[in-house]
Structures are given as structure tokens and as C-alpha cells.
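Reading through the C-alpha cells given below for one structure.
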Amino acid sequence: MKESKKRVLVGMSGGIDSTATCLMLQEQGYEIVGVTMRVWGDEPQDARELAARMGIEHYVADERVPFKDTIVKNFIDEYRQGRTPNPCVMCNPLFKFRMLIEWADKLGCDWIATGHYSRLEERNGHIYIVAGDDDKKDQSYFLWRLGQDVLRRCIFPLGNYTKQTVRDYLHEKGYEAKSKEGESMEVCFIKGDYRDFLREQCPELDAEVGPGWFVSSEGVKLGQHKGFPYYTIGQRKGLEIALGKPAYVLKINPQKNTVMLGDAGQLRAEYMVAEQDNIVDEDELFACPDLAVRIRYRSRPIPCRVKRLEDGRLLVRFLAEASAIAPGQSAVFYEGRRVLGGAFIASQRGIGLVIEQNKDWK
């Protein structure tokens with residue numbers, strides 16, 4: 001089997017970003033091998049045709065069954081628990097990058113590359129994910145769970161470019177039609193509303209959960225809802241209840257099938273608890289004077305402090321206004337544009353006691 005430090009496996013979707021990734025790496029002298037993971041939907045004909053045009057080896061990995069059994073199942077299970085999942089955060093370490101590493105090893109490639117709009121930086125013996133130059137397309141938020149062993153083999157060629165620059169590049173290289181294609185879906189296996197997807201995949205869900213009650217923070221019943229899996233913290237639109245004033249989802253109780261509603265001010269939080277973290281350097285994170293956290297994709301970074309609790313979870317103290325803390329979403333910690341680590345936002349039940357136990361924390 002041929003092995004070379006210039007041989008790189010590229011995850012090819014057939015879209016704008018992976019096409020540009022292949023072309024850029026070819027220009028830099030890499031020998032490209034493409035692999036397309038078929039996880040949902042149609043045959044990856046675009047990727048095959050592009051690989052043939054570029055003259056590169058290409059393989060298709062049919063991963064539809066394991067993808068559904070892991071990533072899609074987790075997505076559904078999270079909503080069934082009243083949480084708000086981000087499937088890309090789950091997919092990257094458990095599926096996408098794991099599969100790329102396996103294929104790279106099988107095909108004799110030292111490197112793997114994707115079209116993520118992110119960068120990598122080596123510092124103090126660690127590899128850090130760094131936000132891409134295009135703030136609108138930056139995907140560093142989705143990559144926080146990748147381990148050092150994976151990052152040391154990654155190349156992200158698009159991190160220093162904007163999406164428009166990438167489109168212009170493809171046009172200049174003779175890929176005019178590709179350069180004009182629209183954006184891909186945020187969640188690759190959902191074309192419309194996630195609620196319709198849940199019903200399609202779980203026909204029994206409505207009967208299993210059934211209608212429940214919207215309640216106020218005082219426990220007063222306000223009206224019926226369609227079932228707690230169809231709501232998320234901070235949601236305002238689509239509640240289908242008239243209260244005479246704007247109402248937001250404050251809390252979800254799967255055990256009681258209740259959804260608490262209130263005003264925007266009640267969504268604000270000074271603290272949150274996070275779990276299942278992946279931190280590059282704990283000493284650096286806990287001591288960082290300029291630490292900030294993003295609590296959802298494309299949200300503004302919020303200045304914060306972090307400490308480790310005795311039970312292993314993280315307690316995050318916000319130093320600026322934070323709102324709509326949604327369990328299941330990711331809390332990703334940054335120093336400037338550099339990712340220091342991340343964790344999943346945990347259930348905030350019992351957080352009052354946690355805060356009281358840590359009241360001397362400065």
C-alpha cells in the first residue's frame with residue numbers, strides 16, 4: 001500500500017466546500033483520495049463526477065444504517081428527554097471524523113481534510129481549534145469534541161477564506177455551476193421542520209407522549225400543548241397559544257409533560273451547569289482572564305468563569321447577560337477565536353443548591 005506524507009483523504013460531499021478543499025490541496029501538491037459517506041438520501045452522484053473530473057481516487061462508504069442507529073437515534077432520544085440536541089456536535093467525533101480516520105488508515109493516508117470553516121493552531125504541545133475567518137460560516141462550535149489524536153491529522157484548508165472567496169475560487173477554476181449552488185442544510189437528514197421529522201421517524205410519539213399543559217412559573221395551567229418534544233427552551237414562535245403578551249418557553253418537564261411559559265426576563269441566567277466536557281488544558285481554561293462561552297451556534301460569546309464541581313460537572317458563571325439556557329446544546333469556551341474546550345449544557349434542575357454551595361467562588 002502506498003504511503004506518503006502528502007497523501008490526504010478528503011471527506012467529499014460533492015458540495016462547494018469539499019470541492020474547493022480538493023482543488024486547493026491538489027494545488028499544494030497533495031495526492032488526494034476522496035471518500036463520500038452516504039448517510040442519508042440519494043446516491044452521491046455529484047461527488048463521483050467531481051472526483052472523476054479532478055482525476056482523484058474516490059470511494060463511497062454506505063453508512064446509512066449505523067448513522068441512523070447512532071446519530072439519528074440520539075437526536076430523537078434527546079427530544080424525548082426534553083433536551084435540544086445538536087446532531088453535528090454528536091456526529092463529528094462519533095461518526096464523521098472516526099470514519100475518516102478509519103478510511104485514511106485503510107488507504108494509507110496520513111492526513112484527513114474537510115471543508116469546515118475553521119483553523120488549527122499548535123501551542124504548548126496542544127492542537128487548538130480556531131474560529132474561521134468568515135464569522136458567518138465559522139464552524140469551530142461544532143468541533144469541540146474532537147480529540148487531540150484526531151486533530152493532529154486534520155487539515156482545514158478553508159479556514160482562512162470567506163464563503164464568497166471560495167465561490168470565486170471555484171468560478172476561476174472552471175467550476176462555474178458548482179460556485180453558484182445554494183447552501184447545504186444545517187442538519188443533513190432534515191429537510192423541513194424537525195417536528196415533522198420526529199413524527200415521521202416515530203409514528204408512535206404523539207400517542208406515547210400525548211398533549212400536555214402549558215403552565216406559568218407559578219404552576220397555573222395556561223392551555224394545552226401538543227407534547228413536550230415539540231418545544232425548546234427560548235422558543236417563542238409556533239406555540240399556538242394567545243396570552244395577550246409575548247411568551248417564551250422557560251422549562252420543559254418530560255415527566256409531567258408540561259412546558260413552562262414566561263416572559264423574556266425569566267429566561268436570563270447568571271449561572272449554568274455543563275457536563276461531559278472535553279477541555280484541551282484545564283489549568284488554562286480555569287485561569288483564563290478573557291474566557292467567553294457560546295451557548296448556541298452563532299450566538300455571541302459571553303464573558304464567563306468556569307470551575308470544576310465535586311461531581312465532575314462544570315459550573316459556569318456568566319459575567320454578562322445570558323439567556324435561554326437549553327440542556328442538550330453545547331457550551332463552547334473561547335479565548336478570542338481559539339477554542340479551549342466545550343461541554344454539553346446539563347439539566348439546570350437543582351442549580352440553586354449548586355450556586356449556594358459555591359457562593360464563596362469569586
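Heads up, the Cβ atoms here are built off N, Cα and C, so glycines get one too.
Lifted from TrEMBL, the feature list:
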ACT_SITE  C91  active site, nucleophile
ACT_SITE  C188  active site, cysteine persulfide intermediate
BINDING   G11, M12, S13, G14, G15, I16, D17, S18, M37, G115  ATP binding site
DISULFID  C91-C188  disulfide bond
DOMAIN    210-262  domain 'tRNA-specific 2-thiouridylase MnmA-like central'
DOMAIN    290-345  domain 'tRNA-specific 2-thiouridylase MnmA-like C-terminal'
SITE      H116  site 'Interaction with tRNA'
SITE      Q329  site 'Interaction with tRNA'
Around the Cβ of S13 (ATP binding site), the count of other Cβ atoms that are within 10 Å: 20
Euclidean distance between Cα atoms of Q329 (site 'Interaction with tRNA') and H116 (site 'Interaction with tRNA'), Å: 20
Rounded distance in angstrom between the Cα atoms of D17 (ATP binding site) and C188 (active site, cysteine persulfide intermediate): 15
Secondary structure tally of the domain 'tRNA-specific 2-thiouridylase MnmA-like C-terminal' (290-345) (DSSP, helix then strand then coil): 0 helix, 35 strand, 21 coil
Local Cβ density at G11 (ATP binding site) - other Cβ atoms counted within 10 Å: 23
Mapped DSSP class for C188 (active site, cysteine persulfide intermediate), helix or strand or coil: coil
Local Cβ density at C188 (active site, cysteine persulfide intermediate) - other Cβ atoms counted within 10 Å: 16
Protein Cβ atoms within 10 Å of G15 (ATP binding site), excluding its own: 18
Maximum Cα-Cα separation (Å), residues G11, M12, S13, G14, G15, I16, D17, S18, M37, G115 listed as binding ATP: 16
Secondary structure tally of the domain 'tRNA-specific 2-thiouridylase MnmA-like central' (210-262) (DSSP, helix then strand then coil): 3 helix, 20 strand, 30 coil
Spatial neighbour of S13 (ATP binding site) that is closest, considering only the recorded positions C91, C188, Q329 and their CA atoms: C188
Long-range Cβ environment of Q329 (site 'Interaction with tRNA'), under 8 Å and at least 6 residues apart: T84, P85, N86, I295, R296, F344, I345
